[in-house]
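Annotated in TrEMBL:
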- 30-54: transmembrane segment (TRANSMEM)
- 46-295: domain 'G-protein coupled receptors family 1 profile' (DOMAIN)
- 66-84: transmembrane segment (TRANSMEM)
- 96-124: transmembrane segment (TRANSMEM)
- 145-163: transmembrane segment (TRANSMEM)
- 202-230: transmembrane segment (TRANSMEM)
- 242-266: transmembrane segment (TRANSMEM)
- 278-297: transmembrane segment (TRANSMEM)
Amino acid sequence: MQPHRNGNLSEMPLQEFLLEGFEGGPQTQALLFTLFLALYVVAVLGNLTMIVLITLDARLHSPMYFFLKNLSFLDLCYSSVIAPKALANFLSSSKVITFAGCATQFFFFSMMGTTEAFLLAVMACDRFVAICSPLRYPISMRPSVCTHLVLGSYCGGCLNSILQTSFTFSLPFCSSNHIDHFFCDVIPLLQLTCANTTINKLVMFGICGLIIVSTTLVVLVSYGCITGTILRMRSGGGRHKLFSTCGSHMTAVSLFYGTVFVMYAQPGAVESMEQGKVVSVFYTLVIPMLNPLIYSLRNKDVKDALWRLIQKHTAI
């Protein structure tokens, strides 16, 4: 890659990028490495525990926990797409990522994130049917329907990812090959191109805005109906259990949609890339770490299943 006299790169195909990550000296990088490692380890252990628990305990073989297991799988993959490369870069003087590696990371990051948005909406619909139409629930949410809903979420995520990746990586990157981020994200990538990115930004904000707004509406309408149904219940114990279960989902939804909306659905919402990096840490590592804790600590069935599993292995 030959530089122009002004210091920029010529309009030749890039072979690699440099992930600049966070600012700071060796001590700051070591501290960030420790923080990222802790978040990633807890996320991996928490989500693997949820997957194993739901798989092994027959009492958790219901549509709600089928969706929760898939959410844990998504969170596990979501964080694993970003964290290993970021951890390696904290300890390395060379923060290189190949063009193909960057495109691959971007594709899977975009796919997992979009799929999770769709899946959270599906989980809200599941709770809506379970609480508002309990007699129809076994038929409406039979195993084949649940499988199709999950596959549909993945298809939607894959389609969006194909569009975003093809639009982004078809651009000529000739301003620089230094990505001001700790992973390959669309906003810092668009800053490197020397072409007009108006269409790309319209596509990105249009598609992301449509996905976020539509899935958020599904969640809000579902939980609006659920709240009305719960408040009409006469049993205080039943209301408490349902509010506890739904509260876990609403907490996860609020965390995920809130950070993604700030980052991708509002042009100019994040004032600087340093702010963007902090927000990115939240939805790539903190949320995948928190989701298993949210669903386990606020869910009696999960806690009971975990206790049974511990007792079983202790007895053995």
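Backbone N, Cα and C define each Cβ position, glycine as well.
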Check your understanding: Which whole-number mean pLDDT does the model give the domain 'G-protein coupled receptors family 1 profile' (46-295)?
Key -> 87
Revision key, fill the gap. The recorded stretch from 30-54, 96-124, 145-163, 278-297 sharing the largest number of CB pairs under 8 A with the transmembrane segment (202-230) is 96-124
Exercise for review: For the transmembrane segment (278-297), could you work out the same-chain residues 6 or more beyond its ends whose Cβ comes under 8 Å from its Cβ atoms?
Suggested key: 36, 39-40, 42-43, 46-47, 49-50, 68, 71-72, 75-76, 78-79, 82-83, 109, 113, 181-183, 185, 248, 251-252, 255-256, 259-260, 262-263, 270, 303, 306
